[in-house]
Amino acid sequence: MFASRQLVRLFSTSQSWYDKMRIAIIGQSMFGADVYRLLQKDGHHIVGVFTVPDVNGKPDPLALAASTDGIPVFKYKRWQLKKQAISEVLEEYKSVKADLNVLPFCSQFIPMDVINFPKSKSIIYHPSILPRHRGASAINWTLIQGDPSAGFSVFWADDGLDTGPILLQKKCYVAPNDTVDSIYNRFLYPEGVKAMGEAVKMITENRAPSIVQSEEGATYDAMLNKKALTEIKFDQTAQDVHNFIRGCDKVPGAWATVNGQNVTLFGSRVWDRIEPRGTSVEVKGSSKPGIVHKYGLVLFGNDGKMVNVSQIQYDNGKMIQASKFGKEDTSQSKIEITSEEEGMIKAMKDIWKGILNTDVEESTDFFKSGAGSMDVVRLIEEIKQKCNGVALENEDVYMNTTFEDLSNCLVKRNRGIDDKEPLVFDAVKMHVNDMDISFPRQLFIDNEFVDASSGATFNTINPSDESVICSIAKGTPDDVNRAVEAAKVAFEEGEWGKMNARDRGTLMFKLADLMEQHQEELATIESIDSGAVYTLALKTHVGMSITTFRYFAGWCDKIQGSTIPINHARPSKNLTYTKKEPLGVCAIITPWNYPLMMLAWKMAACLAAGNTVVLKPAQVTPLTALKFAELVVKAGFPPGVINILPGPGSSIGQALSEHPHVRKLGFTGSTPIEIKKMKIGNPLDRSVDHGPQNHRAHLEKLLEYCDAGVKEGLFMEPTVFTDVEDHMYIADEESFGPVMIISKFQDGDVDGVIKRANNTEYGLASGVFTKDINKAMYVADQIDAGTVFVNTYNKTDVAAPFGGFKQSGFGKDLGEEALHEYMKTKAVTVEYGQQ
């Protein structure tokens with residue numbers, strides 16, 4: 001043995017002694033074809049391929065591969081009758097004089113006369129870690145029984161059911177949502193092909209082990225070829241229900257009776273989210289009804305936990321999205337075909353004929369005609385090449401199995417039409433400002449407008465005349481939980497979290513375009529809801545919001561880290577670099593003034609950084625935020641990225657600030673003042689803040705004045721207070737109204753006025769007007785405010801950071817600075833050596 005092993009090492013593969021080993025391959029499928037190709041590539045002498053008869057005139061992939069190379073191919077319907085080898089078959093097999101039989105995924109019963117004929121016997125591939133899961137449904141049972149590991153065995157064939165001695169085994173992990181298809185394609189197929197080549201090499205080098213299988217832990221699992229064996233039993237945990245559904249996968253498929261119909265269920269996941277809202281359906285054998293909702297059908301285990309399935313197939317073979325169960329299916333409605341599309345359909349028919357090797361009619365079913373999962377891959381690639389570059393998904397084929405249905409799908413995809421549910425909501429429609437406007441009145445969660453969990457509403461008021469505009473859904477802490485969950489899923493699992501930065505920017509640009517298209521409507525809504533002057537709302541509230549989204553959309557693909565020189569760990573070297581990463585779920589609370597613009601200032605930067613958002617607009621001005629949400633869906637933002645919850649700060653705001661999954665809270669609002677804290681009484685009392693009016697007639701005149709103002713609307717004339725002293729209340733607090741105070745200072749006392757200006761807890765913005773540039777720059781340096789205007793005031797731009805100091809806030813809106821508010825910096829250090 002030692003000498004022969006040394007001989008192998010002395011010569012190349014093509015010259016070694018084991019090239020003379022004659023190999024017969026017995027099996028079928030693409031797996032068998034790839035094993036055949038690998039053995040050919042490794043220089044082995046394939047003397048014959050034994051496979052199954054053609055299906056509908058279509059040869060098996062193994063037969064096709066071998067015949068292309070001129071290798072003898074033998075096609076047998078069976079090898080034995082009544083457990084006795086068919087003599088003519090046996091003799092024909094013996095005629096090739098094989099030294100070794102290789103059986104990759106062989107589904108036929110091969111008589112022992114064939115198994116034991118070669119001098120090196122026979123090896124078989126089996127998709128489980130033997131002795132566990134012996135039998136034809138091994139992969140299914142690996143998942144059904146919740147095994148943490150899967151794998152395969154290559155073993156020496158004997159006269160038992162997968163009981164022969166082990167040659168080699170390999171394992172892999174089982175992911176929580178693996179299916180038969182996913183685990184087969186990820187590991188069992190590619191690594192299995194390699195392992196068959198490795199096993200043959202070990203045999204030819206005379207180093208292949210033969211390890212007797214232990215009976216400890218051995219299982220003989222039933223073949224899942226009867227419908228009674230694949231009915232879902234709901235008297236088990238949700239995890240076990242999930243394992244059963246994914247273990248049965250597309251074939252044979254797990255089924256249940258839902259609303260009196262037998263349906264097969266696919267695309268199972270444990271639903272560890274909040275119980276979804278939707279339509280209840282009766283599920284036979286379950287103690288609790290299922291729920292049809294926007295993401296599928298939720299089923300319950302006996303532990304009260306949930307499983308969600310995404311697809312349903314009826315007995316007639318028709319497959320639908322589980323979210324559409326019980327609803328009218330309009331996806332296959334007939335559409336008029338153009339001449340160009342007729343050419344595409346003809347090309348697709350030719351592709352079907354090439355794959356199925358049969359005539360194709362409108363009613364021809366792709367899978368019932370013999371196609372398998374690998375044919376789906378081929379179909380999609382050929383359609384992309386020959387049908388105007390249309391890119392179908394695997395799911396499109398599984399959901400449209402007949403030629404007529406897939407033709408319909410092909411035309412829709414070519415036209416850019418998808419099968420998403422239309423956005424439906426309870427819209428408020430009004431004719432205001434010489435235009436028709438409409439806007440939602442519900443909460444916006446996970447790209448849907450929904451009522452509050454409590455069903456409660458509140459009225460939003462037009463401050464011009466205090467009339468009720470409409471009722472608005474009043475969010476609750478339960479709604480906060482649902483919205484934060486949707487945002488978390490969108491960030492961690494959804495399309496948004498996986499999206500390229502440039503694609504995020506494209507969506508934001510599209511949203512800005514939609515805002516521009518609706519700018520007059522948005523400005524009108526802002527005006528009736530917040531009291532903003534229409535022309536100001538059009539230019540500033542809406543105009544700057546559009547500009548803000550476009551500005552930050554341009555930042556999406558320009559967020560980057562840096563490389564940092566650090567001391568090397570000699571003789572090795574080090575590379576240190578930083579990455580800017582999004583925080584996750586962010587909560588934003590906006591004030592009643594500039595409601596849309598405040599939304600844009602914070603949300604645009606937050607989204608550009610890659611975060612997801614839950615926004616609470618001011619309860620008194622929610623309407624433009626809800627109209628904005630409608631445009632979010634039209635722009636194509638994935639579900640959960642943006643969520644908007646109108647309602648009181650005392651409940652929603654508090655719940656957002658305390659939620660463990662909210663990583664950042666962006667807030668704009670005033671420091672609590674409410675005038676009611678002021679003490680009114682005897683002016684001689686040192687603790688009194690405000691004394692009486694001078695005389696009753698004056699008091700009655702003031703009350704009359706206020707009463708008239710209230711009756712005529714919430715209007716207030718601009719008011720100027722002169723000779724205001726620093727200690728006065730109006731000098732120390734913010735009014736957020738049309739009020740100006742004027743305080744005098746000694747001419748030339750620049751330091752004095754700076755000291756007085758800084759002697760307040762607020763520092764949002766400041767301004768200085770002077771012709772002396774030295775004074776201007778000195779004041780700008782010394783003033784304790786986040787923004788300083790020189791010879792202008794309130795001149796803001798989306799590229800310039802804006803934000804206050806002290807009680808006027810922390811952090812910045814707008815500009816590159818705003819991005820940093822919604823990102824975290826990660827430092828990475830890599831050590832590497834020299835060659």
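Just so it is clear, glycine is given a Cβ too, placed from its N, Cα and C backbone atoms.
Predicted automatically and left uncurated, TrEMBL annotations should be read as such.
Around D162 ((6R)-10-formyltetrahydrofolate binding site), taking its Cβ as the centre, 21 other Cβ atoms fall within 10 Å, counting all chains. Annotation source TrEMBL lists (6R)-10-formyltetrahydrofolate binding site at Q108, F109, I110, D162.
As annotated by TrEMBL, NADP(+) binding site applies to 616-619, 649-654, 669-670, K701, 734-736. The number of other CB atoms found within 10 A of the CB of K616 (NADP(+) binding site), across every protein chain shown, is 27.
Mean per-residue pLDDT, taken over the domain 'Carrier' (339-414), amounts to 90. Taken from TrEMBL, the feature domain 'Carrier' covers 339-414.
Summarising the annotation, TrEMBL assigns site 'Essential for catalytic activity' to D162.
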- Query: Beyond Q108, F109, I110, D162, what residues of that chain have CB atoms within 8 A of the centre of the (6R)-10-formyltetrahydrofolate site's CB atoms?
  - Reply: L103, C106, S107
- Across the listed (6R)-10-formyltetrahydrofolate-binding residues, Q108, F109, I110, D162, what is the farthest Cα to Cα distance, given in whole Å? 13
- Query: How many of the residues that make up the domain 'Carrier' (339-414) does DSSP mark as helix, as strand and as coil?
  - Reply: 50 helix, 2 strand, 24 coil
- Sequence gap of 6 or more, C-beta under 8 Å: which same-chain residues meet both conditions with respect to S651 (NADP(+) binding site)? G475, T476, P477
- Note on the structure: With G649 (NADP(+) binding site) as reference and a Cα-Cα limit of 10 Å, the qualifying binding-site residues from F109, I110, D162 are none
- For Q108 ((6R)-10-formyltetrahydrofolate binding site) and K616 (NADP(+) binding site), determine the Cα separation and express it in whole Å. 64
- Query: Looking only at G649, G653, which of these binding-site residues has the biggest number of Cβ atoms within 10 Å around its Cβ?
  - Reply: G653
- Item | Rounded to the nearest Å - Cα separation of G653 (NADP(+) binding site) and D162 ((6R)-10-formyltetrahydrofolate binding site) | 63
- Item | Rounded distance in angstrom between the Cα atoms of K616 (NADP(+) binding site) and D162 ((6R)-10-formyltetrahydrofolate binding site) | 62
